[in-house]
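What TrEMBL records for 9-341 is domain 'Kinesin motor'. If you look up TrEMBL, you'll see GLY97, GLN98, THR99, GLY100, THR101, GLY102, LYS103, THR104 marked as ATP binding site. Marked as compositional bias 'Basic residues' by TrEMBL: 374-386, 708-719. Here TrEMBL flags 374-411, 681-740 as region 'Disordered'. The compositional bias 'Acidic residues' annotation in TrEMBL covers 394-409. As annotated by TrEMBL, coiled coil applies to 435-578. Summarising the annotation, TrEMBL assigns compositional bias 'Low complexity' to 696-707.
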Amino acid sequence: MSKSKSSESVKVVVRCRPMNEKERAAGFERVVSLDVKLGQIMVKNPREASANEPPKVFTFDSVYDWNSKQIDLYDETFRPLVDSVLLGFNGTIFAYGQTGTGKTYTMEGLRKDPERRGVIPNSFEHIFTHISRSQNQQYLVRASYLEIYQEEIRDLLSKDQSRRLELRERPDVGVHVRDLSSFVTKSVREIENVMNIGNQNRSVGATNMNEHSSRSHAIFVITVECSEMGVDEENHIRVGKLNLVDLAGSERQSKTGAQGERLKEATKINLSLSALGNVISALVDGRSSHIPYRDSKLTRLLQDSLGGNARTVMVANIGPASYNVEETLTTLRYANRAKNIKNKPRINEDPKDAMLRTFQEEILRLKEQLKKRVGKKERRKQRRRRADGGRDGDDQEEGETEDDDDEDKGEYWKEQQEKLERERRAIVEDHSLVAEEKAQLLKEKEKKMEDLRREKEAGEKLAAKVKDMESKLLVGGKNIVDHTNEQQRVLEQKRQEIAEQKRREREMRQQMDNRDEETLELKETYSSLQQEVDIKTKKLKKLFSKLQAVKGEIEDVKEQHISERQEHEQIQDELTRELKLKQLILENFIPQDEKNKISSRMFFDEEEESWRMKPITRLEEDHQMMSRPQSAVGYRRPLSRDARYKAENVLTLAMDMPTRTTRDYQEPVIDPKTAAALEDALREENEIQVDASDHSSLGAAFSSGSLKKPKSGRPRTGRKSGTPSPGNPLYPQPRGLVPK
Ligand code: ADP
Ligand code: MG
């Protein structure tokens, strides 16, 4: 059952961070200005040449300038979304923007400072406070934390951080990450703990955390399950899922110039982000029937949030300074498009994968089990009492309630233990028994005592488990208590009212703005010619400036498109070159037979999105390969290593060449100084040439590195080294065979 609602747009807000110290020190100009009341943002062109150009204007659901407080964003923009998650809707908050513009600040903020806490910690507080104030509802809250880096999914809460997870799609639960760990959390402190662990793991293995976080997407997922008695007297469970997404930096990353592995890496780095852009474009285009969700892990995982059944808020983060203007405009255009995505939010009622239901059933089952144990014990007790002469009447037993059960239990165990101990002592003291017999009896008694202890332990364990599981199911006022006082509550209420009012005011202003333009166009009756001229001139001016703005926008988008296309073309060229190399290797170095064998076995796995080999069993079914009979005595035949591979029909490629054990002779390398000295020493007197005019050539002549054999091959040993002959020291006669 699901309550459907008409469609609603993705809510897009823009937040501009303050200038940072560096920017202020460098004296950068601020090119962004915001009209918070109207939800408008103006960006002017910092170039001197275009000083008279009108600023580019964008309108959003709301905009937040550098004075905005975290709590303002929360109350106005995020709180309503988290509220609907508590009702059982799916909700997603994206932080989009260039690195360093405040995505992480918006999502996490400074956790220790309540004023500067981001939406994630604020939502923790919100969710648990809501539960503590609830009545007649049972809640289960759990959290997961994952990261997408180079199209690989890492579970940030798992012990094994080297493991990569896969996406799976099931018709009943949709797209999900297989084996993603999730932790049930009972309080703000516990869920904060989960986040801290994830954040620590995020930095593990990253050589440069800044670079890593700017290239990876972090998704914190909170699932809130709520069980409540419906009007039909049946328990119903609603499940809301909140995705809190800190996206990778949106800045353009040059992929060109890279080759091989580096190219593969580069093309993967922002694949998810460009896929997100493509999905948004396709969604708002109206003409495209195909939405490319499958192009990346991110878009597949968040499919619901983009044109699906979730509520979505996108925060576009920008910087104010002139040197960022290109990126700022790109972000604003991106955000502007995202405004037009339509979602159809719907409450998830009684989904198949609700964990709360499993919990409730398990608790019931364990309680039954516990009851049975108690029942067994009771019967034993009754029997014992009857044997004792029935001093206590049965009626007393009926009067026992569950409350004194605990006390009673303890007494029972003690009684039993004492009884066994007494019997044991009796055996020890009984002198009529033979030693062997005694030992045997003692052993039996001890075993009984051990059994008793074990039984007791098992019972206790069971009770503890029930208690533990029950403590995880949160019930307002019972195992989760609201600590805010009345004053705080009133304050909270007021804040929310103000936020709501602000929102309505902004909406009205935006509507009025639109209407102004319309009425200007509609006013067709004029009292005088002059008035008509005035109004029409005004209208013309307005339309003209609008036209200019649109023209400018078209130019900009065209330019952007061209540069993007060029980059794509370059990447394509590089990929084609790679492909050609692979083909060359394939055609020339892989035997045709083997190639055919491989091709016939390969298939494209849509789930894994990679080429895989069909398992060999398929071939066996086709009787292409006979299985080896077992040996007569029933054991498996021993196989040599190579034969085993043969049997498994692993590719029969030619053997690798053995690794070489010899090396090519290499002339000894002599330190250049020594070489020079040696050469000097071995030089014939009249061979020395010194050119006083050119020092570099002198240097070259002396630093030839290794010792050169004379071309004549004649050994030169025996020649006396010498100082240049006094007769002609600077310009010796060149000799034909000696290199100059
Ligand atoms: P991103 O995650 O987008 O790369 P960060 O959130 O790390 O950017 O922000 C970069 C720096 O700017 C941080 O030091 C952060 O504290 C600061 N900052 C960002 N937004 C704001 C803001 N609205 N107010 C104050 N400081 C901010
Ligand atoms: Mg960040």
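Here the Cβ of each residue, glycine as well, is placed from N, Cα and C on the backbone.
Automatic prediction, not curation, is the source of TrEMBL annotations.
Listed binding-site residues: GLY100, GLY102; maximum Cβ neighbour count within 10 Å falls on GLY102. Proximity of the binding-site residues GLY97, GLN98, THR99, THR101, LYS103, THR104 to ligand 2, judged by a Cβ distance under 6 angstroms to any of its atoms, singles out LYS103, THR104 in sequence order. For the domain 'Kinesin motor' (9-341), the predicted model reports an average pLDDT of 89. Same-chain neighbours of the ATP site beyond GLY97, GLN98, THR99, GLY100, THR101, GLY102, LYS103, THR104, judged by a C-beta within 8 angstroms of the site's C-beta center, are, in sequence order, ARG17, ALA95, TYR105, GLY249, ASN317, GLY319.
Of the binding-site residues GLN98, THR101, THR104, THR101 has the largest number of other Cβ atoms within 10 Å of its own Cβ. Following the DSSP three-state reduction, the secondary structure of THR104 (ATP binding site) is helix. THR99 (ATP binding site): 18 other CB atoms within 10 A of its CB, across all protein chains.
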